[in-house]
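According to Swiss-Prot, the feature ATP binding site maps to 55, 56, 57, 58, 59, 60, 61, 62.
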């Protein structure tokens, strides 16, 4: 229903317009207060790059963060990552991730980024506190913040927006009548707009999510996902249909697709109930970090990597690297 409202297919969005105007006024006033100097943002002693969204819902932001961290690491840059840690609840903040940190403490995306990149990761509702924790513990040269485009309390040097190339901005309205956290005109002020799927427009960087081999959660064995049989697909991400479409494009045809809420807490019983005898469970890598501790033999995940096209990605990386002292 939310997807139909935000796309404009359902007329119910009109009933939510008063709340959207209120959201827009409040969010606009907050941004203006920082722009005019009524509120002061905290500036880190190292460059800060924000990777965020203009819309609610999954746009492919986390794969972009991983891509950016890995590319900078390849250039010899020491990178730290901060996040709000949505979906997790730590005993105390800021929380510096370790190999023992769980998704229940830090949230699924920070744990995934930590496991994939090996970069220092810290989470805190107040992102400046997370930055300070990383700087106190690690000699990093640059901070990447996973989400937080609208978190103006943290000053930033580079802003990158990730856009769903198929859904783009829906009906164009602020939350809750539409998907917008800020108006599309905000794109004029960011340093780069990366478009996940669909058709990129002039000045935007095209991106595709490239699937790899399916990985068994228990053994680490790898195989072409199309070789798996009797698949039940599970996706607890911002936009589950994208994952299901990826499986179909890979030649895997699930018998059942189970969309879950983004950041949904998963118990062993919850997941086991999805799979019948003789069936194979295939999930996203983000779900896998939550399920690995209680995984069964027939559970697999499909990793994806961000692939950015054209000359702009290299120019963006050069620009970011030039900020590092």
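Using N, Cα and C of the backbone, Cβ positions are placed for all residues, glycine too.
Note that the structure is a prediction, hence the values are computed from the model and not measured.
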Which chain-mates of residue 56 (ATP binding site) that are at least 6 residues away have a CB under 8 A from its CB, listed by sequence?
175, 179, 181, 238
Around the ATP site formed by 55, 56, 57, 58, 59, 60, 61, 62, list the extra residues of the same chain whose Cβ is within 8 Å of the site's Cβ centroid.
53, 162, 164, 238, 239
Please identify which of 58, 60 has the densest Cβ environment, defined as other Cβ atoms within 10 Å, among these binding-site residues.
60
Work through the binding-site residues one by one (57, 59) and point out the residue whose CB has the fewest other CB atoms within 10 angstroms.
57
Just jot down the residues in the same chain as residue 61 (ATP binding site), at least 6 apart in sequence, with C-beta under 8 A of its C-beta; none if empty.
51, 52, 53, 146, 147, 162
